[in-house]
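**Q** The structure's right below; bear with me while I get my questions together.
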Amino acid sequence: MTTSDVSSTNKSSPDHRNGVVHRKGLAQTPMLDPSPDSVHVRKRDHVMQTTDDDRQEMGDFNSNSELKPSDRPQSLSPNDVPNFMLLIVLYLLQGIPVGLSFGSIPFLLKAKMSYSEIAIFSLSSWPYSLKLLWSPIVDAIYWPELGRRKSWIIPIQTLTGILFLALGWHIDAIMADDNINIYFITTLFLVTIFFCATQDIAVDGWALTLLSKDSLSYASTAQTIGLNTGYFLSFTVFLALNSAEFSNKYLRSAENVSEVGVMPLGTYMIFWSVMYLLITAWLLIVKTERQSTSDEDLLGIRGVYHTIWKICKLPHMKSFVTILLVAKIGFICNEGVTALKLLEKGFSKEDLALAALLDFPFQIVFGYYAAKWSSGPKPLRPWLYAFYGRLACAILGMLVVYFYPEGQSISLFYFCVIMLSTVLSSFMSTVQFVSISAFMTSVADPLIGGTYMTLLNTFSNFGGTWPKFFVLEAVDKFTVTTCSVPNADGSEMSCMTEAAKIACQKLGGTCINQQDGYYYAGSLCVLLGITLLVLFVKPAILKIQTIPKHMWRLKAAEDEKSSL
């Protein structure tokens, strides 16, 4: 395609049937080559001019000069504060179901299920990691009267509110059943996370236009604060209020003690269903969306999928995607199983909730400063440092579990040790999350707007999702637990499931843990993490962050390739 092919007056023709704008496909767009093997990007009239930003991107990483003012960390513009707060609220709404699915529900299920059964429930979080599959549809189809992003955010949040309301009326009875249908409850939360993931696609895309260019790095900060707050409410606060021990000790008088907490799961979900609907109503009535256009409009759904494929084929993108998919293997056992093991050893839910409560303010502060550290010319440097820290925290987590005084009340000193482990782990996790998010925001190609961000976020999320299922399965596979019954005939009975433990107790026996698979799975993860870090992750990260930002744009990369 030559510059003579470009015309600023030639635009795609929207189809207004049924009030939906569905951008035309490649075959209907003369600006683009419809061949799947040769998808070219429309050039705008000003693309051929080399701007100061272009020269800066091409030259800064290859010089040893002092940082230019534009490279120094930027403060959040006062004009962006209202939209920054809106992003926090929208991301908080995502954190509510995420906190339930990723945090509280597995803890509630652990009392009745094995790690293998919890591994099945962990599949409910997969839509959040596979949202790339339908993100082009979210970007391409919308109601112009509402706006590109609100067209999805409003109906999805409404459906989530309705689903939460329906679940709220029945979830307590489902969870009280001694034989919980793990496949049924997994399906319920899979649908919930699907809605949450779809809302995330729209919010990620909206963030690129809600904030000014100088404040874009704070989109990751809003995401960190919002998601962490929602997760905190659905995990820490909810578990504390759901705990009968915590409620009786701190919230009830001596004569009003009860066997259940002050906040049943159903009541919690009904409350948030109301909040979803109220916030959605405010978005519909009060908040207006600024109309934005991009080259993405010309591609259509089919074109966006082709473009995603071509972006994935970029040489540096292959390395970056591989890093996102394997980087979390080293610490996935610590972050997915350690807290469950502490509960298994006798650490109370209310103490766990208190540890997370004390940790929460640190996460907010860490998120703010991590954004500042990540807004310079080498945003992945903090990410790399935190990688070492998360591996160290994984080792510390195994030591904390190993030396836990099982069957005894823990001392203040040991609680502080657990607290220190929790804070250090969340600190390293927050730094990595904000750093990688800031980097992805800085290189996102405006060609496909939110889809480009979703592409990178999908691989990042999936990198922490796919290993979790196998790690939980591995813990059970490596664990050997038998039932010791006095005066038995010598035959052994497994104690792997909660039902088997109850059966053992009825026989007057005791479950003996001969081999704890947690340490085997955790050690294997750490060894794999160290190997990956030394041989692949560190060299690749150091190389990736020296690539000029314009080379992450599809057209620039294709031009570079054709000139060779």
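Just so it is clear, glycine is given a Cβ too, placed from its N, Cα and C backbone atoms.
Whatever TrEMBL says is automated annotation, not expert-curated.
According to TrEMBL:
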type: COMPBIAS; residues: 1-12; note: compositional bias 'Polar residues'
type: COMPBIAS; residues: 61-76; note: compositional bias 'Polar residues'
type: REGION; residues: 1-76; note: region 'Disordered'
type: TRANSMEM; residues: 84-109; note: transmembrane segment
type: TRANSMEM; residues: 118-137; note: transmembrane segment
type: TRANSMEM; residues: 152-170; note: transmembrane segment
type: TRANSMEM; residues: 182-202; note: transmembrane segment
type: TRANSMEM; residues: 222-241; note: transmembrane segment
type: TRANSMEM; residues: 262-285; note: transmembrane segment
type: TRANSMEM; residues: 319-340; note: transmembrane segment
type: TRANSMEM; residues: 352-371; note: transmembrane segment
type: TRANSMEM; residues: 383-405; note: transmembrane segment
type: TRANSMEM; residues: 412-434; note: transmembrane segment
type: TRANSMEM; residues: 517-537; note: transmembrane segment
**Q** Could you give the residue numbers and ranges of same-chain residues that sit at least 6 residues beyond the transmembrane segment (319-340) on either side and whose C-beta is under 8 angstroms from one of its C-beta atoms?
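**A** Tertiary neighbours of the transmembrane segment (319-340) are 106-107, 110, 115, 118, 122, 312, 352, 387, 390-391, 393-394, 397-398, 400-401, 425, 429, 436, 456, 459-460, 462-464, 466-468, 471-472, 475, 518, 521-522, 525-526, 528-530, 532-533, 536-537, 540-541, 543-544.
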**Q** In the same chain, who gets a Cβ under 8 Å from the transmembrane segment (222-241) while lying at least 6 residues past its ends?
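**A** That would be 84, 87-100, 102-104, 107, 207, 247, 251, 261-263, 265, 268, 349-350, 352-354, 356-357, 360, 363-364, 367, 370-371, 430, 433-434, 437.
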**Q** Out of 118-137, 152-170, 262-285, 412-434, 517-537, what stretch is closest in contact terms to the transmembrane segment (182-202), meaning most Cβ pairs under 8 angstroms?
**A** 118-137
**Q** Between the transmembrane segment (262-285) and the transmembrane segment (84-109), are there at least three Cβ pairs closer than 8 Å, leaving out pairs fewer than 6 positions apart?
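**A** Contact confirmed: at least 3 Cβ pairs fall under 8 Å.
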